[in-house]
């Protein structure tokens with residue numbers, strides 16, 4: 001019979017202590033193991049590259065800072081809690097028995113000892129984790145160097161702003177944060193322990209604060225106000241990096257309103273601090289309360305209202321005059337910050353005012369003979385198809401430019417390393433053993449002279465002509481000495497062509513770019529050639545012969561095969577972190593690296609050259625810029641290149657040249673700006689890491705390039721800061737802008753035109769020089785305003801020359817030249833006809849100063865068969881624009897002739913025919929081609945009419961089109977012959993129309 005009684009609830013059983021401990025240990029291992037494994041494997045890696053001192057310095061610095069900040073944060077927290085407990089009231093009779101404080105006081109009392117331990121430990125750990133991240137700030141302060149340049153307002157050396165001020169900010173912000181934490185602990189603690197009682201009007205209960213609580217809170221608030229005094233003092237210096245509408249730095253309002261306001265607020269803050277301290281002895285809290293009100297009102301009136309009124313009624317009506325002095329400061333500081341002072345940049349004013357004759361242009365052999373036909377942005381598929389050898393080899397999406405001497409003449413080359421592409425491995429090649437122990441390395445260095453093709457491609461459908469002429473040094477060609485003669489002549493004969501390190505090798509989609517190499521006792525297993533295998537014997541790699549190291553890397557990469565596979569033996573090593581940029585950034589964590597590394601053959605070895613930058617976030621009056629935004633252009637977007645870190649800088653120097661060996665991964669850092677105080681400071685932090693500039697070999701120096709990202713940042717600054725007069729700067733009248741890229745694919749034509757590496761005449765000597773060039777257009781105008789070039793030659797490396805065009809003359813800019821070339825009747829007709837079965841690509845539009853006074857635009861046109869997986873781009877036509885005339889022909893010599901330039905110098909551009917002989921384009925043929933003109937009286941002679949009437953030409957085209965349609969279902973060879981026939985029919989028709 002039911003009684004209606006409910007059985008008492010069963011108490012929840014706690015798990016045994018052993019289970020709790022096991023769960024806790026497992027959770028701890030899950031958190032700690034990845035950190036420990038990462039730490040240990042990184043320690044091994046730094047030992048491999050012989051930079052363990054860097055690793056140790058960083059780790060020791062971080063540990064010390066962690067301890068210091070943890071102890072400081074923990075001590076302040078403990079002290080606040082300790083005094084809160086000591087000063088708590090013993091008598092709670094004044095409290096309502098129903099109040100939360102009264103009910104929970106006993107429970108809190110029982111936990112005080114535990115709270116006083118746990119809370120400081122937690123805050124201390126948090127403070128240590130935050131503080132250790134500031135290791136660079138602390139090390140730079142300890143190893144600070146003077147700049148020898150003072151700011152224009154306070155007369156402080158720039159080194160104070162670069163090294164000391166960040167440290168002072170770190171100290172004040174840390175103290176301020178800890179005092180806020182201490183205040184909160186005291187406030188909450190005294191409330192919970194009965195030291196603070198809020199009033200209750202409904203019950204008539206008055207607010208109450210104990211003497212101990214009042215004293216503790218007053219002291220904490222007073223100390224915070226003293227820290228605030230120091231903060232106001234430091235904020236005076238921050239005014240010099242303030243962003244204004246027109247410029248960076250303190251302006252008239254800042255100097256005459258904000259700066260005095262900081263001093264006034266400092267004095268008031270001292271008064272407020274004294275008022276808080278007085279509350280220790282005085283029961284009346286109105287004194288500190290009134291002091292706080294005074295500070296708030298002063299902050300509003302002195303810190304906001306007064307500067308606003310001064311700006312509105314004094315500065316705005318006379319801004320040009322009022323801000324003139326401060327704009328001049330901004331110009332001077334920004335030029336220094338970005339290395340574009342008058343000592344480093346040469347301006348050639350009114351360049352080209354007198355023009356140049358066609359004869360003078362033709363005589364500019366250093367430029368004309370080096371006109372670039374090959375575009376490294378477009379030719380990667382061509383390199384891949386013609387030089388890939390195997391599916392697992394590859395080339396980067398954008399190839400690199402370098403220079404070598406050919407028969408005593410400097411020539412630019414498109415260069416690339418044939419790397420292993422892990423993303424191209426297919427089917428069983430992706431098996432763990434094959435991927436990580438067989439397909440481990442690339443093979444060879446490929447170079448193609450940029451002003452040379454194998455054969456003239458006169459027909460769009462032809463399978464011959466328009467392709468690079470390769471100079472190759474790899475395992476196969478090295479085995480055939482006769483085929484390596486060209487490589488030896490150019491100095492690119494590679495003694496060790498195997499490539500274990502490179503950006504493409506490190507591009508694995510899953511991030512596992514490692515290779516396991518070394519003798520396993522079963523003979524060579526790495527793929528080398530179709531008939532040979534190889535065993536790596538270089539210095540690179542971390543030994544994983546012992547089980548402990550194998551287990552560590554198995555955990556790092558979550559791969560049990562490292563422990564279980566027979567391919568890992570006692571002599572095995574693991575190669576990882578194989579991207580040259582990554583290796584440089586790890587051994588020099590204070591460097592920002594250029595977004596592009598490029599290969600060069602140095603002393604018989606393939607080396608990756610990486611440019612390293614020292615940067616600062618700000619300098620007084622120096623304009624800041626975003627590295628990502630400044631370096632973004634149509635090429636970077638098109639290639640999905642990894643951009644620089646999204647950081648803003650106010651100072652940058654190319655202070656370090658880094659070299660990474662493609663075979664063994666050795667990293668070498670060379671000083672390249674001995675005057676850079678930031679580099680000097682970092683050399684103090686990491687002694688002997690950066691080698692002196694004198695250690696750079698002549699062969700390496702011959703292949704150093706002016707860094708592209710640095711150049712982009714400088715051109716962005718020069719577009720405005722070439723202006724010296726503050727009044728002109730204020731009106732923006734003389735500003736330039738980087739032109740958009742008119743040759744970019746659709747959707748990217750609003751992106752900036754990239755700079756280009758070319759061999760051209762040196763602005764001073766007229767001799768051939770390897771340069772990085774870019775044009776400037778007027779602000780919001782398409783006409784050309786200036787042309788900037790930076791030399792990469794060892795004798796005058798880094799010299800920047802800006803040719804400033806006369807303002808009274810009008811010179812077409814890149815977009816106008818592109819529009820004129822594309823709207824030419826012949827170009828438009830050909831492109832309309834060809835696009836039916838081909839993809840056409842506009843190559844780099846080069847803006848070349850020629851003859852000491854004229855601008856020549858050159859652009860290659862590439863074609864690629866559509867709907868064919870094996871198709872790849874080839875050079876089809878050359879476009880030139882000169883003095884309003886358009887030249888358009890299969891060869892550069894013919895195109896130059898059409899615009900009235902004697903192509904004799906261009907004859908040095910060799911064309912390698914099918915039989916292997918080297919010939920020169922028939923210059924006389926250029927006299928048989930018509931020029932498309934735009935308001936020019938001077939035109940080449942009209943060509944003789946080809947055979948056949950216009951009607952016959954139309955009939956021939958129609959017949960060719962019918963044959964082409966019929967050949968669509970046939971073989972590629974039949975289709976190609978039909979396209980060739982169509983091209984010949986079109987040329988015949990065009991020739992007939994020209995003759996008429």
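Glycine residues also receive a Cβ, built from the backbone N, Cα and C atoms like all the rest.
Below 8 angstroms of C-beta separation, residues 552, 555-556 of the same chain, each at least six residues beyond the ends of the transmembrane segment (19-39), sit close to that stretch. The transmembrane segment annotation in Swiss-Prot covers 19-39 (among others).
Beyond the ends of the transmembrane segment (63-83), by six or more residues, the same chain brings 115-116, 119-121, 123-132, 134-135, 138, 174, 178-179, 181-183, 185-186, 189, 212, 216, 220 to within a C-beta distance below 8 angstroms of the stretch. Residues or ranges marked as transmembrane segment in Swiss-Prot (evidence: sequence analysis): 63-83 (among others).
Packing against the transmembrane segment (115-135) from elsewhere in the chain are residues 58, 61-63, 65-75, 77-78, 81-82, 85, 108, 170, 174, 178, 181, 185: each is 6 or more residues past its ends and has a CB under 8 Å from a CB in it. Per Swiss-Prot, transmembrane segment is recorded for 115-135 (among others).
Summarising the annotation, Swiss-Prot assigns transmembrane segment to 176-196 (among others).
Tertiary neighbourhood of the transmembrane segment (212-234): same-chain residues 80, 83-84, 86-89, 165, 168-169, 172, 175-176, 179-180, 182-183, 186-187, 190, 195-196, 262-263, 265-266, 269-270, 272-274, 276-280, 283, 285, 288, selected by CB-CB distance under 8 Å and a gap of 6+ residues from either end. Annotation source Swiss-Prot lists transmembrane segment at 212-234 (among others).
Feature annotation from Swiss-Prot assigns transmembrane segment to 262-282 (among others); the stated evidence is sequence analysis. Under 8 Å from some Cβ of the transmembrane segment (262-282) lie the Cβ atoms of residues 214-215, 218-219, 221-223, 225-226, 228-229, 232-233, 235-236, 239, 288, 290-292, 294-295, 298-299, 302-303, all in the same chain and six or more residues away from its ends.
The transmembrane segment annotation in Swiss-Prot covers 290-310 (among others).
Per Swiss-Prot, the feature region 'Disordered' maps to 920-950.
If you look up Swiss-Prot, you'll see 925-939 marked as compositional bias 'Acidic residues'.
Residues or ranges marked as compositional bias 'Low complexity' by Swiss-Prot: 940-950.
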